[in-house]
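Features of the protein shown, as given by Swiss-Prot:
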type	residues	note
BINDING	Asn9, Arg20, Gly193, Gly214, His215	3-amino-2-oxopropyl phosphate binding site
BINDING	Asp11, His12, Arg47, His52, Thr102	1-deoxy-D-xylulose 5-phosphate binding site
ACT_SITE	His45	active site, proton acceptor
ACT_SITE	Glu72	active site, proton acceptor
SITE	Glu153	site 'Transition state stabilizer'
ACT_SITE	His192	active site, proton donor
Amino acid sequence: MSKLLLGVNVDHVASLRNVRGGKFPDPVQLAILAEIAGADSITTHLREDNRHINEKDVICIKKSIQSRLNLEISTKKEMINKAINILPYSCCLVPENRQEITTESGIDVIKNKKYLKKVICKLKSLGIKVSLFVDPIKNQILSSSEINADCIEINTGKYSEQDKKENKEEINLIKLCAKYANKLGLEVHAGHGLNYFNVRSIVNIKEIKELNIGHSIISRSLIVGMQNAVKEMKDIIYSEKIKWQ
């Protein structure tokens, strides 16, 4: 049985800290607790406006954790330079809109193919694994393969927002796209809006190798603590994976 990895996004620890402008809660400490509880990687989204995690946080997290740092960034030159300075294990390139509350859609690989190819080439030359956050659309996935991305992260936002009846169609689309990406030689990840309830159907897609989950785990941690919140998610992932073997 292949292990499904869990990346824990700690952005919203910083969001809570920034409400009062102090030092606590510290995203570095929570990243360490997530790792102790079984997180396979730590994800941070370093935004252009530093609305939650900032560059200092990311550097401290990288120095403090034993697992992998996955850095989500926009494709602006300034942000790519920050990634080069930080040198994370992996970078996930995402679209960014200053007015959005959270990432609203996947990156348009087709439209930005030439530029993205240069960015990917530069990051990979420094030993950084590169992922593209894409909507479950075959043409976007094909373009991701053509510009030598290592991975795609399928946007599960639409699936996560729908009720049970509607999301059957979306989950089938995600399955098809995951299989397609796998055939193209891309490693497949998934994330956005996943929680302790809707993650179960995603776990059953064998081509998906890693999930990135943040808000629901951080929210749960306010009730049960960070380590228990991560363990509960890992238990759900493991039990569902076993069930479908």
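Here the Cβ of each residue, glycine as well, is placed from N, Cα and C on the backbone.
These numbers come from a predicted model, not from an experiment.
When the recorded positions His12, Arg20, Arg47, His192, His215 are scored by other C-beta atoms within 10 Å, His192 scores highest. Cα spacing between His192 (active site, proton donor) and Gly214 (3-amino-2-oxopropyl phosphate binding site): 8 Å, rounded to the nearest whole number. Looking only at other Cβ atoms within 10 Å, the busiest spot among the binding-site residues Gly193, Gly214 turns out to be Gly214. When the Cα atoms are compared, Glu72 (active site, proton acceptor) and Gly214 (3-amino-2-oxopropyl phosphate binding site) turn out to be 13 Å apart. Proximity of Asp11 (1-deoxy-D-xylulose 5-phosphate binding site) to non-local residues of its own chain (separation of 6 or more, Cβ distance below 8 Å) is seen for Pro27, Thr43, Thr44, His45, His52, Ile53, Gly214, given in sequence order.
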